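Copying in the features that Swiss-Prot gives for the protein in this structure:
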type     : residues                    : note
BINDING  : ASP42, ASP86, GLU118        : Mg(2+) binding site
BINDING  : ASP42, SER43, ASP86, LYS116 : 3-methyl-2-oxobutanoate binding site
ACT_SITE : GLU185                      : active site, proton acceptor
Amino acid sequence: MLPSDLVKYKEQSQKIIALTAWDSISGSIAEQANVDLVLVGDSLAMVCLGYKSTLPLTLENIIYHTNAVSRGFKKKIEEQPLLVTDMPFLTYQCGEDKAVEYAGKIIQSTYAKAVKVEGAEPEIQKVISRLIRMGIPVMGHIGLTPQSYLNLGLKKQGESLESQEKIKKDASILEKLGCFSIVLEHMPELLAKEIQNNLTIPTIGIGAGNFCDGQVRVTADLLGLNDDQPPFCQPIIQGKHLFKDKLKEWVDSERLN
């Protein structure tokens, strides 16, 4: 799977399904579930490393975990899901040259075929444009952008008319810059629908309703492994309680033997 294949999916009205992964096991499970895209998201800072936000994640962390995820893929290369890696905080907000260097390290050091960049501010636009010119495919991300939570919080975006117009403008800009797809996070469903209708590249929604060209979820949220669930992700099982109870049963039985 290549970034350009996602555009074909949109052209054919074929839904794109994506999950996050953070190690070999989660990567293998995602591949076996037949997802189209696996995102090594900076959410692994919280899911896997125990941080309270995505901000402490380093370039070295994301490279390490991307390689672990890719080792979980067992299908033929052409049949594997598209592997996309988040650029961590301050690896692309530090100027074009450094951003190219850091994104280049991700692509060179892992099997990722694209990077994801949050935001569409003028400085970020320059970075995205430069990365794409250098041959590095970029997935955009607008709406709720977790790396900006110190300024914007983690609240739903696009609630005001002004905010909606900005998000629509940002989406158009990202398409013109050459992004192959855009993540739309935690925004009104009708806003996401309008953006989806106006773009020729696919939109991947998370907390943005059902009209996007695809859906992505943090796997740990979907499996109910976290104590704090985002309001837009309903777990399909209560995994943490299930695993805890089963492990406790085993511990108790072993103590009796």
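Using the three backbone atoms N, Cα and C, a Cβ is placed for every residue, glycine included.
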Give me the long-range Cβ neighbours of SER43 (3-methyl-2-oxobutanoate binding site): same chain, 6+ apart, Cβ under 8 Å, in sequence order.
THR20, THR54, PRO146, VAL218, ALA220
Consider each pair of residues in ASP42, SER43, ASP86, LYS116, all listed by the record as binding 3-methyl-2-oxobutanoate, and report the largest Cα separation in Å as a whole number.
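Across ASP42, SER43, ASP86, LYS116, the widest Cα separation comes out at 13 Å.
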Please report how many Å separate the Cα atom of GLU118 (Mg(2+) binding site) from that of GLU185 (active site, proton acceptor), as a whole number.
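Their Cα atoms are separated by 11 Å.
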Compare the C-alpha of LYS116 (3-methyl-2-oxobutanoate binding site) with the C-alpha of each of the recorded positions ASP42, ASP86, GLU185, and give the closest one.
ASP86
Quick check on the recorded positions ASP42, GLU185: which one has the highest count of other Cβ atoms within 10 Å of its Cβ?
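Comparing the recorded positions ASP42, GLU185, the most crowded Cβ belongs to ASP42.
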What are the non-local neighbours of ASP86 (Mg(2+) binding site), defined as same-chain residues 6+ apart in sequence with CB under 8 A from its CB?
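In sequence order, LEU39, VAL40, GLY41, ASP42, ILE62, VAL115, LYS116 meet the Cβ cut-off.
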Across all chains shown, how many C-beta atoms besides its own are within 10 angstroms of the C-beta of GLU118 (Mg(2+) binding site)?
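Result for GLU118 (Mg(2+) binding site): 24 neighbouring Cβ atoms inside 10 Å.
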